[in-house]
């Protein structure tokens, strides 16, 4: 997997100090002592690839706009909500799908190849860990690169769906205003009005990205699977997540109950700060490559 180690895009990364040598040493010791490391990543690992997160101070979506992501119930219930979602997603897709892994994704891939990383769970839907070559990975909230039908369950690639959108909307054009964490862009209601949304090619049902929208829940099978991988692990590293969302936080609570050492690498406070063994306020792509 030849992913270019280009310089990071820091537009959506909160300001922070360079890694402190003492902290680098502490994280090095933590990783060296781990034999079966369980890693959980969040949006903060992908900000250096140019994808904004939701909650970062000053630069996250919530700090910059009053926009909120689509709710699961609204998407399922409302044709106009789906039209708005897909129109914005259609415009944002070429840019969003072209984002590449950064140094942090590549380091975690390398740790897996060395047998250090036992399992990786990401809360991100951007496929960057897969693009980097990670294989022992669970996408907790799914992936925007896949789409499925709510009626018959048939799956198609998001890149295939883009061709259907283009065929249905040959003259439709919209100028995008800024990009959001999950790949859609900001459009006005006027721009969205005439956008045509394809139905499932097999049964005519509703097509939905294979991601867990806000207000939806992660499947019991997936949660159990992740708990099993955690059960086999001897330590936990959280990288780039404030752990505000319970679907990920539950695994940190389970690690705490198992008395596993927990290290956090995140710019800004997290829900785990009071019970973690180690908390580091650095960029993932700057600190992780320093660990041997």
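Heads up, the Cβ atoms here are built off N, Cα and C, so glycines get one too.
What TrEMBL lists as active site, proton acceptor is 141. The Zn(2+) binding site feature in TrEMBL is assigned to 149, 152, 200, 203. Annotation source TrEMBL lists domain 'Deacetylase sirtuin-type' at 17-292.
Feature annotations (TrEMBL) mapped to structure.
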residue : record                       : contacts (Cβ under 8 Å, 6+ apart)
141     : active site, proton acceptor : 123, 124, 125, 211, 212, 218, 247
149     : Zn(2+) binding site          : 155, 200, 202, 203, 205, 206, 207, 208
152     : Zn(2+) binding site          : 200, 202, 203, 205
### Task
Determine the Cβ neighbour count for residue 203 (Zn(2+) binding site): the number of other Cβ atoms within 10 Å of its Cβ.
13
## Note on the structure
The number of other Cβ atoms within 10 Å of the Cβ of residue 200 (Zn(2+) binding site), counted over all protein chains shown, is 19
### Summary
Near Zn(2+): residues not in 149, 152, 200, 203 with Cβ within 8 Å of the site Cβ centroid are 150, 151, 153, 154, 199, 201, 202, 204, 205, 207
